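Remarks on the structure that follows.
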C-alpha cells in the first residue's frame, strides 16, 4: 500500500524517522489546499497543488500512521485527520499513482494558507534570510550563476544520493535542459549548493520559469562530509515539460562541464556533445 506525505513526515523534517524504513517512491503532488497549523500542516480538498513524497508502506506502518494522525476508522467524525484516497502525480515522469493521504477533519479558522504548496520549502524560507540553493545543471558554474543573481556567501558540494542527472526538460528554443529524477540506490547526482539570500531566489525563479517550467522545492542534502545538515531549494522540471528525447545543446553542456571541473567532479558521465 502507498501513502503520500506532505508535512513533518517528509525527509529532513521532525517525524521522518517514522518512514525511514519504508520505500521512497519519489516526489509528487496531489490536488488540495495546504495550511500551517503551527507545529504541523494540514490539507483540505481543493484545486491547488500540494507537493510531497510517495512511500510504499506495510499494513503495520499504516496503523502507526493512523495513530500519529489521530485517525479512527471506527469513529471518523471525531478523527483529527481522515485517511482518504488521492491521486499522486510523480515528478519523475508524470505518471499517476493512487495513495492514501491524511486530510484535516477540524475547523481551519485563522490558519495561514501555504501558497507555494510545499511545506518543506515554506519552513525553509521562514528560517533566515540565508538560503541554500542546490544547483545540478548549468548553474553549477559559479560564473554563470553569479552573472544571473550575484555572488553567494558560501558553496558546498556533494552528491544527491539516489538521484540521476537527466536532460529531459524541454527547452523553448529547442533542445533540452537538465533535470533530476529519483531512481534509487546506486545512483548519484553531483551538485553545488550555494548559500544565497532570499532576494536572490526571485531572479532564479524567473530564469527557471517557476512553476510552469521548473518547480522550486525544499530538499535535504548532505555535503561531502556525509552529514545531512541542510535543506536547500532545488528546481525539478514540471512533468508537463518532460520529453523522452534528451538533446542538450553544446553550449549548455559546456556550462555544466565548467561547473563540474570547477568543483572537482568527473565529467566523463556527461553526454558528449554532437559534432
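From the backbone N, Cα and C atoms, a Cβ is placed for every residue, glycine too.
The shown structure was predicted, so the numbers you read here are calculated from the model rather than taken from an experiment.
Binding of substrate is attributed by TrEMBL to 133, 134, 135, 136, 137, 138, and the same site annotation extends, among 6, 252, 260, to 252. Each residue in the domain 'Gamma-glutamylcyclotransferase AIG2-like' (3-120) has a pLDDT score, and their mean in this model is 97. Highest Cβ count within 10 Å among the binding-site residues 136, 252: 136.
Residue counts for the domain 'Gamma-glutamylcyclotransferase AIG2-like' (134-251) under DSSP, helix first, then strand, then coil, are 27 helix, 52 strand, 39 coil. Applying DSSP to the domain 'Gamma-glutamylcyclotransferase AIG2-like' (3-120) sorts its residues as follows: 20 helix, 54 strand, 44 coil. Reduced to three states, the DSSP call for residue 133 (substrate binding site) is strand.
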